[in-house]
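Annotation source Swiss-Prot lists transmembrane segment at 1-21, 46-66, 88-108, 111-131, 146-166, 190-210, 220-240, 251-271, citing sequence analysis.
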Amino acid sequence: MNFFQAIILAIAQGVSELFPISSVAHSVIIPYLFGWKLSPFFLKTNFLEFVVMMHIGTTISLIVYFRKDWKKMLKSLFNKKTSKRNLALIVIGTIPAIILGAIFEQTITNAFSDVIVASIFLIFNGLLLFFGEQTKKRGNKSIEDLKGWQALVIGCFQSLALIPGFSRSGSSITAGFWMGLSNEESARFSMLLSTPMVAGAATLEIPKLIKNHVPGLLSLSLIGGIVAGLAAFLSIYILMHWFNHKKNNTMLPFAIYCIVIGIGVLASKAI
């Protein structure tokens with residue numbers, strides 16, 4: 001992997017991890033479009049340090065952007081403020097992904113990390129976003145209004161991201177719509193849910209990283225982490241402002257993008 005490939009992959013990671021367009025699908029599709037031999041399995045086997053640093057960069061951006069939320073929630077552990085309830089809802093929402101990820105992630109990744117399969121599920125992701133937009137409740141609930149079972153449902157939808165092509169944020173934002181959250185609160189809850197998941201993904205790989213450190217990869221990995229972090233921060237800023245100011249058809253552009261890219265890649269494979 002060269003410098004140019006590292007920059008492109010880092011930007012793609014930072015943007016697609018938080019935009020509802022599936023980071024895993026893009027990690028499969030982008031190397032295919034550029035003609036690179038860099039599958040997710042290859043990256044995890046040979047460039048694990050780079051992958052971990054991209055996740056760390058994204059995690060730092062999430063924490064920095066939502067630092068006020070996390071500060072309130074951590075302080076709430078020592079009092080009876082509403083923020084304690086928000087923290088509990090986030091914990092509940094992460095349970096499905098932790099359980100299902102521990103059981104099925106490796107199997108699913110090995111089975112579905114294929115350009116054709118990723119493109120098919122990217123189309124399904126677009127259809128989910130479109131259907132979610134058309135059927136959302138136009139709610140005005142805030143995060144603290146959620147019941148425990150509703151947070152669990154949103155967490156279950158987030159688990160769809162284990163399948164390459166489905167977006168973690170797209171699935172959880174759509175579920176948030178169905179649970180009656182407002183546009184901005186649905187996006188906020190999705191981002192807050194993403195933080196422990198992305199951080200956990202990096203943490204789980206650290207023991208492998210220590211064992212299989214590749215000499216000379218540190219500088220490329222640091223650059224990848226910084227670029228992914230900056231791209232992620234900008235993506236969060238754009239996404240939150242988008243959901244705050246636009247009340248209708250919020251998911252439609254992302255749905256169209258996923259469907260068009262998925263169909264385009266499938267068509268290129270068929271030619």
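Cβ atoms here come from the backbone N, Cα and C positions, even for glycine.
Keep in mind that what you see is a predicted model, and the values were worked out from it rather than measured.
Here the transmembrane segment (111-131) does not touch the transmembrane segment (190-210). Their Cβ atoms form fewer than 3 pairs under 8 Å, with each pair 6 or more residues apart. Between the transmembrane segment (88-108) and the transmembrane segment (46-66) there are fewer than 3 Cβ pairs closer than 8 Å, counting only pairs 6 or more residues apart in sequence, which means the two stretches are not in contact. Ranked by Cβ pairs under 8 Å to the transmembrane segment (46-66), the stretches 146-166, 190-210, 251-271 are led by 190-210. Remote same-chain partners of the transmembrane segment (146-166), defined as residues 6 or more beyond its termini with a Cβ less than 8 Å from a stretch Cβ, comprise 22, 24-25, 28, 40, 88-90, 92-97, 100-101, 104-105, 108-109, 112-113, 117-125, 128, 172, 174-176, 178-179, 181, 189-190, 193, 197, 262. Residues 19-22, 29, 32-33, 115-116, 119-120, 122-123, 125-127, 129-130, 132-133, 165, 167, 170, 173-174 of the same chain sit 6 or more residues outside the transmembrane segment (251-271) yet have a Cβ under 8 Å from a Cβ within it.
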